[in-house]
Amino acid sequence: MGFMKTIVRNVENKDNKEAIREAAGLLREGKLVAFPTETVYGLGGSGWMEEAASRIYEAKGRPSDNPLILHIGSMEMIDEIASCVPGPAKKAMDAFWPGPLTVILPKSDKVPYRVTGGLDSVAVRMPSHPAALALLREAGVPVAAPSANTSGRPSPTKAEHVVEDLDGKIPMVLDGGKVEVGVESTIVDFTGEVPVILRPGKITKDELEKALSTEVLMSTLSVKEDTVPRAPGMKYKHYAPKAQLVLILGEDREKVAEEITKRVRDCREQGMKTGVIATEETMGGYDADEVISVGSRSHMETVTANLYDVLREFDHRDVDVIFSEGFEGEEYEEAVMNRLVKAAGHQMIRV
Ligand code: TXA
Ligand code: MG
């Protein structure tokens, strides 16, 4: 792919019509635009065009059998994308759209297999970020968009992260500042008998069950290697920091802190540069080379918002080993741990 100049346009204020119009024009021509959503930045291309999907896979360095999510700005478009919308899916869309929920539905003939990675189902989401909605409505086409990172890196939560990964590979980045949620959308598969959460996110199992008045299952396939994955994204190597990352889990916070302190000391004695992913509550208690707080335990939304930024930051600081506190619970904790466990390559110690 030849080098192209990447233009960054600010869309943080309301006065962004010109940038949105230009970006929508690029999308309609089959070109790529990175744009903010409330979860993470997306790398968008027209959902009707095979060549746009090919460009996305190429820019990200992503295997082309890992399917893309189609983003829409209005409800009417769902009938062009899905061959049918089961009742529970309709309820979920009504309850959580626009917002950080992706639904898996049977695909229509119009959606290219290049977008769905050869599957007969399709992932759809209506984001709530005002610039994303404005872009989707102006473009008038569904926009296929994975997270706008190089495959294998943490998802981008700031426009700077997108530029770090994709500068020179795409024509435009819309800069909407730091995203709100910080982890990717909750994915729910509605193609089977019972709705199944394929990826945890801000919208929890509990919230889904309340809205649907039915049982929702949590897929455990993201942690088991021996079964055929249902979200094809699960089988790929996930983000791993340059340093070895080890999670220290336990209900007793003091014990966790003691264990981290002990391990940091051991590693430093061996001449290693150490890092700790701490929280506001514990940050002052560590004596590692690099200590970064990921947020506050009593405001878990600060942890989801900062997580990927902190992981990228540790790559810049050149540490040899990182110890992280774990997060246990059934709400945001589920989404945070899902990402941390993958980043740690399942290296966990329970105290
Ligand atoms: O929050 C988000 O969902 C962000 C923003 C940009 O909207 N997008 C995002 O896309 O996280 P991506 O491509 O990084 O992750 C999409 C996930 C992958 O794990 C993929 O395998 C799964 O969705 N997926 C897509 N289509 C699917 C399908 N038909 N069946 C099962 N899983 C699917
Ligand atoms: Mg991704």
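The backbone N, Cα and C atoms fix where each Cβ goes, and this holds for glycine too.
Curation plays no part in TrEMBL annotations; they are all automatic predictions.
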Among SER155, SER185, SER213, which residue does TrEMBL name as a further ATP binder in the site formed by ARG62, ASN66, SER147, ARG199, TYR239? SER155
Looking at the L-threonine binding annotation from TrEMBL, with THR39, ARG125, ALA145, SER185 already listed, which candidate in HIS71, HIS238 is the matching residue? HIS71
Translate the DSSP assignment of SER155 (ATP binding site) into the three-state scheme. coil
Filtered binding-site residues, from HIS71, ALA145, SER147, SER185, ARG199, whose Cβ is under 6 Å from an atom of ligand 2: SER147
Quick check: of the binding-site residues listed here (THR39, HIS71, ALA145, SER185), which one has the Cα closest to that of ARG62 (ATP binding site)? ALA145
Based on a Cβ-to-ligand 1 distance below 6 Å, what subset of the binding-site residues ARG62, ASN66, ALA145, TYR239 would you report? ASN66, ALA145
Show, in sequence order, which residues other than THR39, HIS71, ARG125, ALA145, SER185 on the same chain lie with their Cβ within 8 Å of the centre of the Cβ atoms of the L-threonine site. THR37, GLY42, ILE69, PRO100, THR102, PRO127, GLU184
What does the structure give for the C-alpha distance between ARG125 (L-threonine binding site) and TYR239 (ATP binding site)? Integer Å is fine. 23
